[in-house]
Structure formats: structure tokens, C-alpha cells
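Before any comments, here is the structure.
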Amino acid sequence: MMVIRPVERSDVSALMQLASKTGDGLTSLPANEATLSARIERAIKTWQGELPKSEQGYVFVLEDSETGTVPGICAIEVAVGLNDPWYNYRVGTLVHASKELNVYNALPTLFLSNDHTGSSELCTLFLDPDWRKEGNGYLLSKSRFMFMAAFRDKFNDKVVAEMRGVIDEHGYSPFWQSLGKRFFSMDFSRADFLCGTGQKAFIAELMPKHPIYTHFLSQEAQDVIGQVHPQTAPARAVLEKEGFRYRNYIDIFDGGPTLECDIDRVRAIRKSRLVEVAEGQPAQGDFPACLVANENYHHFRVVLARTDPATERLILTAAQLDALKCHAGDRVRLVRLCAEEKTA
């Protein structure tokens, strides 16, 4: 059975294996054991209540409960930009006009922004390609909403998610090549690695401070502004079905879109509800796949189960209860996947 749980120190080798499969552009999952170990420690200290809000971050893994295999990771940063500035570009417009010459030009322009400072961030979503089946991706991505719904007071009113931009298999980013490289004088993969390992001072030191007309970029770079890596398209679709939208903010490195949503308008958070759980044999029928989560902060668990999403009493097998670390009579959080999201 596939189950979501908090990360543990013993997961570092599994996370290293996942990091080796991501390719360039997933900044928050670098193939660096010291960085990943520090990330795990920060998550553990977050759960233990030892960190200020500016440093808090939760990390979860997807585990096969039968084999112990860990094929996926996802995370939530509680409040971005309160220690180190959180940069992106806002894609806006500057108008240049002359009535005398009968000229009017509205020019797309990039403005350096810290507008999302303090927002909670969905990040570090990666699922091993061999495990992208049977609803694992939905479970991995949406489990975070179940945690946020259960512990709403831990998070801020706005949630953002940076989507990986267009980068080819050789690490070539058209947006970086046309813009970032001119200021940073390094390859995309190097800048991405430095940022992922916490060495972010160079961003503030070298970033262009003035607005940039997108027409000055190559056509190839202009074409990928706000576009996602092909492997990231499904993740974007999942978030958009939950209510996230692109509001003209993009990543400063690869030009990928930043999606955002008010936390209380996220579908899975808004529609999830608590029901009593009982042990037994679930009723047979053509029921939709639903997310089921316990309400245990330190031992949080989420699984997928086929059931009636409107039920007031959820029947689960002994194995499902064990995976959720629940007992008959406990209350669990329940919400169905979106109607079009299939798990078979």
C-alpha cells in the first residue's frame, strides 16, 4: 500500500536516489547529501516546534508500506522570503506612446519582485518515473492539502508553487541563456545547484535591478515565459484543478510559471471533512478514489481509498487503518480526487 508520511533521517539515501533522477531545474532537490540531510533535520525540527516561522518547512515521502521503497517526495515551506529574499519576475507592461508621431507601443516587461514574501509554498514535488501510475502522483501532490487543512493555523493565507520551466535533457534553458547567463556568467545547472544548496547570496548581488523588455530576449526565450517543462505539465494540471492560477509571475532562472491560490479556496482543503472510521470490509461498488488522512500532527499519514465521498462513517480494512495509524472510532479527513483524475 502506498502511504504518505513525514520524512525521517533514514530516508536520506532514498532521497539521494530520487535527486539523481530529477535532471536540471528542480532547485530544491539537489543531489547533495549534506544539503538533503540538513533539509531533513530542518523538517524534523519544524515538527518538534524548535524553529521560527521563517525557517519552518515540512517534508513528506511516499512509501510502499510492504517493501519500504520511497519513490516520491513533496514538501511545504511555511513562509518564504522572511530570511533570504524570495525573488521572481512579474510579467507586466510598459507603454511608450507619442500622439505627435501617432505611435503607441505596449511592451511586455519583466519586473524583479518580492511580492510573494510570507506566502506558504508547495515545493520539492518529485515522483520516480517508474512509479507514475495508479494515482501515486495525485496522492503525493494533494497529500499536502490534507495536512494544511488539518493544521490550518500553521500556514499563511496565500499558497504558491513554482513550476519547473522549459529545460532540455542537456540542461539548456532558453530563458537562462538569453537573460540570466548575461548577469551571472555561469551555466544554468551551476546557478541552479548553488541556489539548491543554500548559496543564494549571489542572486541579490548579481540580479538585474531594472525592468527588462522581453523583446530584448531571444524569440526562443520569449516563447517559454510562463511555460512548464513537459514532465511538469501534469503537476501544473493537478494544481490548476485545485484552484491555482498563473498570475504573471515567473521563475528568475528558467522562466517557469508561479501558480498561486488563497489557501481557503483550494478545492481539497475547502471540501475535505472529518468522518468517523470503522474497521470492516469496504462496500463493493464503482466508488471514486478519495484521499484519507489522519489528524495526527507528528505521525501524519495519507492513503488513497475507493469509497463514497459523502459517507458519514468510513469503513476501512485493518491494513488501511494500520497504514493510517488509526483505530476504529477515530476521525479521519476525507476528500475525493477531482472527477477526471483516474487512478487506474
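Cβ atoms here come from the backbone N, Cα and C positions, even for glycine.
Cβ environment of LEU125 (succinyl-CoA binding site): ILE73, CYS74, ALA75, LEU140, SER141, ALA235 lie under 8 Å away, each six or more residues apart in the same chain. Taken from Swiss-Prot, the feature succinyl-CoA binding site covers LEU125, and the record attributes it to sequence analysis.
Residues annotated as active site, proton donor in Swiss-Prot: HIS229. Packing around HIS229 (active site, proton donor) is summarised by its Cβ count: 22 other Cβ atoms lie within 10 angstroms of its Cβ, all protein chains included.
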